[in-house]
Amino acid sequence: MSDHDGKSGYLTCSFCGKGQDDVKKLIAGPEVYICDECIELCKDIIAEEAKLEDDAESGPKRLPRPSEIKDALDEYVIGQEKAKKILSVAVYNHYKRVEMVQDGDDIEIQKSNILMLGPTGSGKTLLAQTLAKLLNVPFAIADATNLTEAGYVGEDVENIILSLLQAADYDLEKAQRGIIYIDEVDKIARKSDSPSITRDVSGEGVQQALLKIIEGTTASVPPKGGRKHPQQEFLKVDTTNILFICGGAFSGLESVIKQRSGTKALGFGAEIKEKKEEGVGEILARTEPMDLIRFGLIPEFVGRLPVVATLEELDEESLVRILKEPKNALVKQYQKLFEMEKVHLKFTDGALVAVAAEALKRKTGARGLRSIIENAMLDVMYDIPSQDRVKEVVINEDVIRQQGKPIIVYDCAESA
C-alpha cells in the first residue's frame, strides 16, 4: 500500500475521510468504505430516531375494548369487580371521545371524569396506575391535602399538571392525553353545609380551583413548579383530554347515606326489610350526588365527576389472594429477592392468613401488607446473604406473629 499522500492503494472512510491508519476497522462496500467510528455514530442516530418515533406513537396503538381493559386490571387487582367494570367503560369512552375530537366530528361528547370511593387500602391508587400503564399514557398522582387556593401557603393546583408534564418528559402532546389521580379528595370537603364567609383555603377554595382544570381549560403551568410570579414564563397545557380520577375513603359518608335511606323508609307504605349488617362498600354503592354534596363537596365539583365507582372493604380471603395471585403479588416479589440469593422462599397458607388478619386488625387494607411482611422477615433478610448452603426458607404463622423463627433448610449435598 502507498502512504498518506492520496496515492493508490491507501484506503479512507467514504463518510468521515479518515485513513485506514487512523481507525480500528474499515468495512468495504461496492466502491465505498465505512470505518468503525462512523458505524457507532450511525447506530446512535438510528437508536435516537427510533426512540423519537416511539414517543410520537404514545398511547395505545389500538384502544383496548372495555372487556380487554378489565382483563388487564384482573391481572393486578383482586376483587372489586363492579368498580373495574365501571372504570373500564369510563376509560374506554374517554379515549374514544379523544379520538373523535381529533377526527373533527361535529357532535361534542362531554368529558366524564371519575370519582372512586372506598376504604383505605382497597386498591384505588393501584387501579388508576394500572389503567395508565395499560394505555401507555403519562400518569401523575397528587395529594389533595397539599393543595391550597391561589394566594395561600401551599401548592397551586397547576402543579398537578406539572407532575404530569414531568412524567411525559415535558412532551406536551403526550401529557395532554395523560391520567391524573387526585388522592384524598374527601379531605377537601367543605367543613359545613352552608358556604362560609371565612376562607376555607384547603377545602371549598381548592374545589373551586380544581373545577376548571378538571372540566378542561388551558392551564398556565410554571415549568419549575412552586408559586407563580409575574416574571415567570409559563407552559400552556390544554387539560380538555386529560382524564382526572379522584379518590378518597370518604369516612363518614356512610352515615349520610344511611340517614337519607332511613328517611325514605318511614311511613305506613314503607317496605319493612330484615335488618342485617352492611359493609362500608355496600353502603357506599348507594351513593347519590346529593350525599356527596351533604358530605361537603360543592355541587359544581360533583357535577364534573359523573362516573362514580365504589370499592368494597377487603376481607381476609381477598387479602390472602392479593398476597399471592396478582402478577406483581407481594409473595412473588419476595420470592424473587430470595431467588437472587439462590434461595427458595416459601410462605405457608397459615402465614398468609396471619398477614391478612394483622392487616385487618390494623385497618390498613392491602396497603399494610408489605410492612407486616417486612417486619416479620427483617432478621432472615439480614442473615441470608451472609450464609452459605441455604437452600430454602419457610415462613409460617408463628414467624408472622413474632412467636417463632423462619425454618431454614440447608443443602447438605453441597457440604459433603
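Cβ atoms here come from the backbone N, Cα and C positions, even for glycine.
Look at Swiss-Prot and you will find 1-54 tagged as domain 'ClpX-type ZB', backed by sequence analysis.
Secondary structure at C38 (Zn(2+) binding site), taken from DSSP and collapsed to helix, strand or coil, is helix. Per Swiss-Prot, Zn(2+) binding site is recorded for C13, C16, C35, C38.
A C-beta separation below 8 Å, combined with a sequence spacing of at least six in one chain, links G123 (ATP binding site) to V77, I78, G79, Q80, L311, L314, A366. Per Swiss-Prot, ATP binding site is recorded for P119, T120, G121, S122, G123, K124, T125, L126, and the stated evidence type is sequence analysis.
Across the fold, the C-alpha of L126 (ATP binding site) and the C-alpha of C16 (Zn(2+) binding site) stand 52 Å from each other. Comparing C-alpha positions, T125 (ATP binding site) sits nearest to C38 among the binding-site residues C13, C16, C38. Looking only at the binding-site residues T120, G121, K124, the one with its C-alpha closest to C16 (Zn(2+) binding site) is K124.
Here T120 (ATP binding site) comes close to A249, K363, T364, G365, R367: these same-chain residues lie at least six apart in sequence, with C-beta atoms under 8 angstroms from its C-beta. When the C-alpha distances from C13 (Zn(2+) binding site) to the binding-site residues P119, G121, S122, K124 are tabulated, the minimum falls on K124.
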